[in-house]
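Asks: Quick one: this structure, given as structure tokens, is what I'll be asking you about.
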């Protein structure tokens, strides 16, 4: 039977000083010997997805105390990608993932915590905490802040649903009046919570359900709904149950590395592709797999992407559905249920929502709308929006008149009635990206699944934005933005502004964009990111010249620079001959802080999840 980790600092005469300090935090004599559960919160007033999390730790703590544990809460940083976007702040977004992972590890290991509850929500916070949890391998439950309600406004006598991307596109579109642009801006983000579409934050919170590390509804229940309160309480109860299973019953299935196994990563990827999740999820799944010491690679993602259909279509891929609609249709568990019926899911895997001796199949039996006979579950998934602007969690209790269990025409479809038999994400490869790149096919117009165009090359996102807004980019161009990868940026910026501006200029379906950077979960259109290797690491994207023909074929999973191998090799030799000036952007003026330089020094390309290069650390 494993000994409590916390005993290191709470038992024996030699720990009198540590116990004295524990007492100063409020612990009493009878608290020593109880499991100490760390609560990693990410409350901040900077981020709408986190502005309501201040009191969530107390909810979790109350359930832990009731179950016989001691909780100790700490906070991590949280960067808002939407606010950091379009300026130098975006350089810090992806590197913050590593800082969050490290800070959770530091706090948990320094204080010998026995288990962990991760209160996350937005883009890099959930992945950072996930990496830490798998690195630490102690009992863990994730519970997120939940998605915000979709914005709604009245334009031309019609009520339309909105999100952050709509505000950006409208503001850049000269045909939209100042009055309408202001209406959209004020309505796009009405409540606390992660942005309302299937962007990176919501995608990752859904994936924690599929990995088996969070409770049903975690990815879809609205931040504002009173039903979400129970998720925080249940997270506290569940982490205590897992803690007892591991430390008392010696049950290693309670540990995250045994829950988030290779099969679980396959499940998460299948979910991601079925729901057309953010392309950033690929980056984070690859990074998490490395922390879990699971040999899960881009090749596995490619393999799964070729057989999983697109079962759930959500903004930004359609204006019709947002996360509130996904929840009404049964959330992640109902998408997993459809994958199971299509024989595309492993159900013999552990899950934090499963009791001892159970697995995912038992969780689906309770929570998949097609299977369940439980009226309480159907009521749970009827939780809906109130349409009242607020920054308060649990501020409303509105319900849809019925759940959406229409698997032919609803938000979630069966395989037979899928939005498309091709999934929502695809891995492409070719001489531009020999180690792969990612496209969110859910957001690509059918007419653009194959595209041939001229290269319009930019050495930075800023230059690309200027070129798009200045009229340099025309229909038929393939916009190439390079030296924006993890090492070259550094920080692998998101390219939401270039794609939004292409849309606002009417070029969204007439141009393609490829980059060694990445895209916001809010991106749609023929946007291909994560080109690997990146330009700064000797990737062929650095060898593309103005006017080169680029051929993109999504059905064939290829992306090809239409020049001969000999010409490409000659360009490579010419670049190498530049010495220290080679594989660097031309004439780019960008301040890079010491912190970012340290990140760049160890960063790998996107095909490795943009994690640290361990070969440089292991000697």
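Placement of Cβ uses the backbone N, Cα and C atoms for every residue, glycine included.
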Asks: If Swiss-Prot says 81, 123, 124 bind Mg(2+), which of 472, 484, 494 does it name for the same site?
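Replies: Looking through 472, 484, 494, the residue Swiss-Prot assigns to the Mg(2+) site is 494.
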Asks: Might you list, by sequence position, any residue in that chain lying six or more from residue 124 (Mg(2+) binding site) with a Cβ less than 8 Å away from its Cβ?
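Replies: Those within reach of residue 124 (Mg(2+) binding site), by Cβ under 8 Å and sequence separation of 6 or more, are 78, 79, 81, 93, 94, 96, 97, 100.
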Asks: Check the Cα distances from residue 494 (Mg(2+) binding site) to each of the recorded positions 122, 195, 520 and keep only the ones within 10 Å.
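Replies: So the list reads 520.
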Asks: Residue 123 (Mg(2+) binding site) to residue 520 (active site, proton acceptor): how many Å between their Cα atoms?
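Replies: The Cα atom of residue 123 (Mg(2+) binding site) is 9 Å away from the Cα atom of residue 520 (active site, proton acceptor).
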Asks: Identify all same-chain residues not among 81, 123, 124, 494 whose C-beta atom falls within 8 angstroms of the centroid of the Mg(2+) site's C-beta atoms; report them in sequence order.
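Replies: Here the non-site neighbours turn out to be 79, 84, 90, 93, 94, 122, 200, 280, 520.
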Asks: How many Å separate the Cα atoms of residue 195 ([2Fe-2S] cluster binding site) and residue 520 (active site, proton acceptor)?
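Replies: About 11 Å separates the two Cα atoms.
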Asks: Would you say which of the binding-site residues 122, 195 has the most Cβ atoms within 10 Å of its own Cβ?
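Replies: Max Cβ neighbours within 10 Å, all protein chains included: 195.
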Asks: Round to a whole number and give the Cα-to-Cα distance in Å for the pair residue 122 ([2Fe-2S] cluster binding site) and residue 520 (active site, proton acceptor).
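Replies: Between the alpha carbons of residue 122 ([2Fe-2S] cluster binding site) and residue 520 (active site, proton acceptor) there are 12 Å.
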